[in-house]
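Taken from TrEMBL, the feature coiled coil covers 311-380. Under the heading compositional bias 'Low complexity', TrEMBL lists 380-398. Residues or ranges marked as domain 'PX' by TrEMBL: 5-120. Residues or ranges marked as domain 'T-SNARE coiled-coil homology' by TrEMBL: 315-377. The region 'Disordered' feature in TrEMBL is assigned to 255-295, 380-411.
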Amino acid sequence: MAPPLEISIPTTSLHTPADGSKPYTLYNITLRMPLRSFVVQKRYSEFAALHRTLASQAGAPPPEPLPAKSWLRSTVSSPALTEQRRAALERYLRAIAEPPDRRWRDTPAWRAFLNLPGGGGGGGGGATASVSGASVEARLPAIGPRDATLAAASDPATWVDLHKEMKDLLKAARAGMDRREGLPAGSVEQMEAGTAAKKELIKAGSLLFALAGGLDVMKKAGKLGEGELRRRKDLIAAAKEEKAWLDQWALRSGGRGGGRGASQGVASESDRAALGVARDGPTARRPVGRTIGRPLPETERTRELDNAGVLQLQKEEMAEQEQRVNEIGRTVQQLKANAIAIDEELTYQLGQLDHLNEAVDAHERKLAIANRRVKNLASSAASSGGSSAAAPETTGAAEPEEEKTEDQQAPGGGVVDAVLLLVVRCVLAGVKGVVVLEWVLIKVSEALAWAVDLGMLLVQPPN
């Protein structure tokens, strides 16, 4: 009993003919068997032709009706119509492949539509075939058209099957190279073995390209998690390294006695060193001196990327750097605003100090007048009687008119002036403290201005 045939239409593709005619939609039919999966691409007109042929060959139409054709809308310009028709066509195919009724599955039109082997009804889903399931799968095309392979690699489940098939191709190529090394040099058998191994490598290279493209599609569509996506990228990177080594080995002229036995499955360290792909280690040979134009070594982030991936990674890093520069610019702008605010505050404080200086000058003038009056009082106290009364009058006549005015306005002004002198001296002591504070604020302003200039130099792009 052959296992049932799993059939689905997970995705669609927009195809533009090379002759410049109108584009149309291709439906990617995925056929999954226990040992192999492949994709067949068909357009709606081929489904319509299959429906007519099945009704003619089986004597009755299929159990599921074919979705009607829309004359007002096109699947090329309507994603909603494309999805609706994809789901309807998938139900149509499953209605033929899964039920016990085999009338439509046993027709040649069904097997030809799905590219199934023509003998023994191998396309029957869940039916007994005249040949085993393994032999049926062995006769299926290993690799379909390029577009179909890319579509198959875009499905997470089919991607695993294609990766297994690619690993089998690399294993077959390695076995062919081992067989070539065990044959006499220059013999026909040796050349045939080498040619067969190279064909397997070419097929493996096509699958590697499709698998890498499928990962990009699944990443954009969000079909895989970040961890699973990284794991599959590591598998692709390891397969590329193995294929590159096999390609270089295939270019060597081998033969019996060529330094490699037929029973060996992996290359020796001497063979790797001869091919220039020796592993990194303490004994690995490294070039001595400077190499002009040598590319930069691969990193963990770039090893698994192609040219488009490296370009995208560079764009992302440049965007991150641009974001950091913008953050630095905002910080510098904030520092500049703080410096301007400090400068305004310093200007205000300097204005207040100017007013204080003017007040101090006025008090100094009054202090000088008070000192002279104190001296006059002392001299008048030392004189006697009537002469003591005349002396102040004489001295007072010699004083400026301003001092007389002060005496008239403030009788007994000598004691007041003495008290005022004490107050002014206290004020002068405070002024000295204010001057020191002014000097400190000026230094802080200069430091902030220097920091702002340095930040602007960092933000400015190099010429």
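Yeah, the Cβs are placed from backbone N, Cα and C, and that goes for glycine too.
Heads up, TrEMBL stuff is auto-annotated, nobody curated it.
On the 0 to 100 pLDDT scale, the domain 'T-SNARE coiled-coil homology' (315-377) averages 88 in the predicted structure.
Secondary structure counts, DSSP: the domain 'T-SNARE coiled-coil homology' (315-377) has 63 helix, 0 strand, 0 coil. Residue counts for the domain 'PX' (5-120) under DSSP (helix as H, G, I; strand as E, B; rest coil) come to 40 helix, 25 strand, 51 coil.
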